[in-house]
Structures are given as C-alpha cells and as structure tokens.
Amino acid sequence: MSEFQLVTRFEPAGDQPEAIRQLVEGIDAGLAHQTLLGVTGSGKTFSIANVISQIKRPTLVLAPNKTLAAQLYGEFKAFFPNNAVEYFVSYYDYYQPEAYVPSSDTFIEKDASINDHIEQMRLSATKALLERKDAIIVTTVSCIYGLGSPETYLRMVMHIDRGDKLDQRALLRRLADLQYTRNDMDFARATFRVRGDVIDIYPAESDLEAIRVELFDDEVESLSAFDPLTGEVIRKLPRFTFYPKSHYVTPRETLIEAMENIKVELQERLEYLRSQNKLVEAQRLEQRTRFDLEMMLELGYCNGIENYSRYLSGRPSGAPPPTLFDYLPPDALLVIDESHVSVPQVGAMYKGDRSRKETLVEYGFRLPSALDNRPMRFDEWEAISPQTIFVSATPGNYEAEHAGRIVEQVVRPTGLVDPQIEIRPALTQVDDLLSEIHKRAALEERVLVTTLTKRMSEDLTDYLSDHGVRVRYLHSDIDTVERVEIIRDLRLGTFDVLVGINLLREGLDMPEVSLVAILDADKEGFLRSDRSLIQTIGRAARNLNGRAILYADRITGSMERAIGETERRREKQIAFNLEHGITPKGVFKDVADIMEGATVPGSRSKKRKGMAKAAEENARYENELRSPSEINKRIRQLEEKMYQLARDLEFEAAAQMRDEIGKLRERLLAV
C-alpha cells in the first residue's frame, strides 16, 4: 500500500475531525459520491489532505480554473512534500482552434502557443500515475480532453538496466522513435547528445535531472542522474525508464494501419461530396488530407494529427476519447473543488466543440472522423469517474441529487463565525457605502464591493476615488496575472477597496477583508442567486469583524435563502464556541502571490550566491511583466543567457539565471 506522509503542525479542529471520519468511512463503505459542505475558511483542503493520507489512494483534484488549481497545487505540495504532487492543466498560453465561418467564407487556421514548462509538468503527472501509488494530480477541466491512450503510450516506453546488452545505434533509433532529437550543442528537454560511448539523455518529463548512459562495447556499464546545467552527478541508478516526448507518440505499425483506414474514409467521403455536387469541398478535403498523410508517412506526425486520433488509438466511431481518467488506477479518488462551478463546466465542453467541428466537416476541411477528437460527454465522464468527493460551500443540484452522504464542515478551527448580514435600502447605497468605507479604512481593514455590470464598477471606482478613497476595480478584461497582483496589493494595504462583479468569489483567501458590500442585491439573476450571494458573503468570513451589507429595496427568494443558510451556520458556530469555550481568533496569512504558493518542479531549494547585477536587472523586469507572452519572452531570453553561461563554465551565474526562470514559471502557472 502506498504511503502518504502528511506534513503539518496543525491537528484537525472544529468540524474537521468528524468530517474526515465520515468521508473516510463513506469511501471504505464504497459510496460513489459524497459532498463536503464546508464553509469558507473551514479548512476544506486540510480535511481532504487528511482523508488522502488515511485512505492511501492516488487522487485527482479537479479545480474550476488555473488560479485555484495553482493555489491547490501549492497547498498539497506543502502538505505532501515527500509524495508525487503533480500539476495537469492546459499547456496552451494561447489557443485559437481552427474554424470556418460560412457567411463570410473565412477559414481560421489553428494557432497556438504551447508552454513548454506546463507540457513537461503534464508528462510528469502521467508518469507519476503510471509508476507510483502515492500520486496527487491537481487538474482543471482540461482533464476531460483527448490524450494519447495509456496502452499506446506504455508500449513506447524504453527501459534501460545497468548491465543490459545494448547496441548504441539501436538506442539512438529508439530515442528517435520517442520523438527525442539529437543536439550536441544545446542540451534541452527531450534531446540527447552523444560523446563517444557516453549518451546524455534529457527526459521529456524532467525539469531537474538528465540521465547519462555509459557503454562499454555493447554493455550498459553505468547509469547516472546528473544536473544538466552543471554536469554534477547526483546519484547512480540501477535502471531507468524513458517516456515519449508527447502523449500522442504512435508506434510505426499503428501509424501505417491508421493511414490505410484514413485513405478508406477519405475515398468514401469524396464520393459522397461529389454525389452532392460539392466539388469545391471535395477538392479541398482531398488536398488537405493527402498532405497530412504525406507528413505522417515522412515525419511520423502532422499538424492537427489529433483530428485522426480515432484511428491512431483504434477506437470505433463515437467511442469516448482516451483522457487523463484512463491513466487513473481503478482505486483512485476524485475530489472536485468548488463543485457547483466545476461540474457544470464538464457538461458544457462537449457541445461547443461539436458545433465548430460539424461546420469544418460539412465544408470539406476535415473528415467526419474528426468529430471523435473531442472532450468527453457528461454521461461518459460520469461512467468513468472513480469514487468522488464534491467540495463546496454551496453545492449545486447535481451534488444534492447524487451525493450518498453530505458531510458538513461548518465550524471553523479558528472559532470564526459567518459574517453578520445587514439589509439596507438601495436608494442611498453609494453614500452609505462611502461612510462604511471610511470607518473600515480608519481601522486598516479592507472592503469588497460587488456590482452588477462592468460599467457600474468603473463608475463607482471613479466616484469613490474622487472622494479620496484608495480603490481599484477587477473584472474579466484584466488578465489573470494582473488580477492576482491586484488582490495581493489589496492585502498589502496599497489600497483599501476592491470593486468587482463576479470575480470576488470562490477560493479568494483575503483575511484582511472585514466588509463585503453587495449593491442591488434584490436584482434576481445569475449574479444574485442564493449561491452567488453565499459565496460573496463568505469573503468576509476570515475576519474577526466580518460583516456583509446587502443593499436592496425588497427581499428576494435568493436573498431569503442565502440569509437563512448563513444564519443557520452562524447559530451552529456560536453554539459550538460556547460549548467548548472557544474565543474566535482572526486568520493571519503571509501575503504572497498565489503563484508563489505553487512550488514548481525546477525551482531548486539550494541557495545560490551569484551575480548581484543580474539579480537587480531581473527584479526590475519582474515588475514590468504582465501578460503571459511577455513572461514567456523573458523566460526564453533568460534561458539563452543561462545556456551560454553554462557553455562558458560560469555555473554560479547560470544557476542564478535558472532560479529567476523558476520564479517566472511560477507566475505563469495561474495564467
């Protein structure tokens, strides 16, 4: 049985011990679904970490977005430093899928920018699932999208043992089959170099170590892991397994067989299009498909090879695609964080993808089999999902219908109770809000304000600013990195008030916020549903003086339900505190970027002395970098400098550069 070593100085408290006991009991009893109804600040992640350490099963943690995934990755990495905590999210910094707009006869080519570091982390995640039982994978909805099948992927792996009989040329051919490239000058991920009988291989899934294979005649004399930057040998190895550069690597015989099937489908489709007098579409399809076949024959892959995934994986028409779920062992556990958001996301992916692909097929840009390159449908996801724990402060209808058990975690370990709720008239909401802000600012506390529209948030920000309030606003036009920095500045006290619309909700951890003001709370709709109201009110639940003000001229059904649920929780929390003699304590957390919480593989713990000048230069750049493209550009510049310094044998300076690259990659995690 795998050992999960939970490292923490905290003991479960409040409702946590009972919640952990019930969840473990439910899993052991074979319950397919359970819900952890945990209020904001009750330590849901800590409870789940305790459950994982007790049941000792590989776990997939599904988060609704990259920001929360990065936060969870950092927390689990801290809880389980000796286990395989991995990160599996979309590796696209930018993605424009191919599409056709018939009304204007416009074809949009697929355009994408792949983040090399995230790709490495994805490969590391699947390797951990295949090799280890103590794996925790933090992921987003990208886990339901097609991935190379685990059977094909495993057929391509290469095992090398010390003492093996191995011809050097055969080894190099096998590396080429894994899509590794030879590069004797620039040693990077998924490359190898040859120096006499010594072959250095940089594994595709590694960011820390390369492998040195030393041959004596046709025998593997030595295997060792070494630092690819300094060349320092880290340890000797008895054996090592090399995985392909990509999840989509296909054995040559499978590729040839797939190409024959593609030709058969192409012929059938061309006959159909010509019978419908769609000659332009037929000519277009034939030209594009034959070009792809030529590329596959010569190179082993082509651009858009995922559109032929049905043949490459040997699936029948309409079968679900292989995904990350296929890499999970049968006894795995699925934890869905903020399930009221994550579960609907899973259901929404299929339809949007389908409508775009149907247009491409109809107008001759793709074969009908391209429709099978898709995310899983919701029913397919339900069928393949292992035992599941839904985690949310406001579970949705799906969780309510499916959960075999609902476990409440309402009492916080700190003794903090849910905020008091006041209802005030909407007619004078702005002036009343201004006076409340001045009271909080005088106490050095922060305020969150939610509005209904982007225009209103900007106008309110201008109004408050004109009246001497230090204020910023937050909405969807602001990119993820800047969004995190704004939240960080609020916590640091750079400003006192943050105005937003729908972004001030799930997962935001801001203990300094003592007041949440909800404007126009009586406008029924998505932004003022009972779940939205409870989530927004919860942002003040980490502060000892937490309070929520709802500005409304009438009490809606959603308000009534939200207030009723909050009062129910308050009563339970206060009763628990009285019974156990607990005095509520405020939460104090170090102010750090969410991304800094995610310790990325590659950021070393060794403290390096090194070029002060380079450090100053990089610190100056760091404040200027905002968008993912700027950060990626900076990473590429630093990597070039780093490799040049390594070639010049200036290893201290190169290590300094590497540490800077590690910090920048952490910032990219949540983008």
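Glycine too: its Cβ is placed from the backbone N, Cα and C atoms.
Within the listed segments 19-42, 91-114, 427-450, Swiss-Prot records motif 'Beta-hairpin' for the stretch 91-114. Model confidence over the domain 'Helicase ATP-binding' (25-412) is summarised by a mean pLDDT of 91. Surrounding the centroid of the Cβ atoms of Gly38, Val39, Thr40, Gly41, Ser42, Gly43, Lys44, Thr45, where the record places ATP, the chain contributes additional residues within 8 Å, namely Ser47, Ala393, Gln409, Arg412. Shown in sequence order, Ala393, Gln535, Gly538, Arg539, Ala541, Arg542 are the residues of the chain, 6+ apart in sequence, with a C-beta less than 8 angstroms from the C-beta of Thr40 (ATP binding site). Here Val39 (ATP binding site) comes close to Ala393, Gln409, Val410, Arg412, Asp418, Gly538, Ala541, Arg569: these same-chain residues lie at least six apart in sequence, with C-beta atoms under 8 angstroms from its C-beta. Summarising the environment of Gly41 (ATP binding site), the number of other Cβ atoms within 10 Å of its Cβ, over all protein chains shown, is 22. Each residue in the domain 'UVR' (632-667) gets a DSSP state, and the totals come to 33 helix, 0 strand, 3 coil. Take the CB of Ser42 (ATP binding site) and look out to 10 A: across all protein chains shown you find 27 other CB atoms. DSSP assigns Lys44 (ATP binding site) to a helical segment in the three-state reduction. In the structure as shown, the Cβ atom of Lys44 (ATP binding site) sits within 10 Å of 23 other Cβ atoms.
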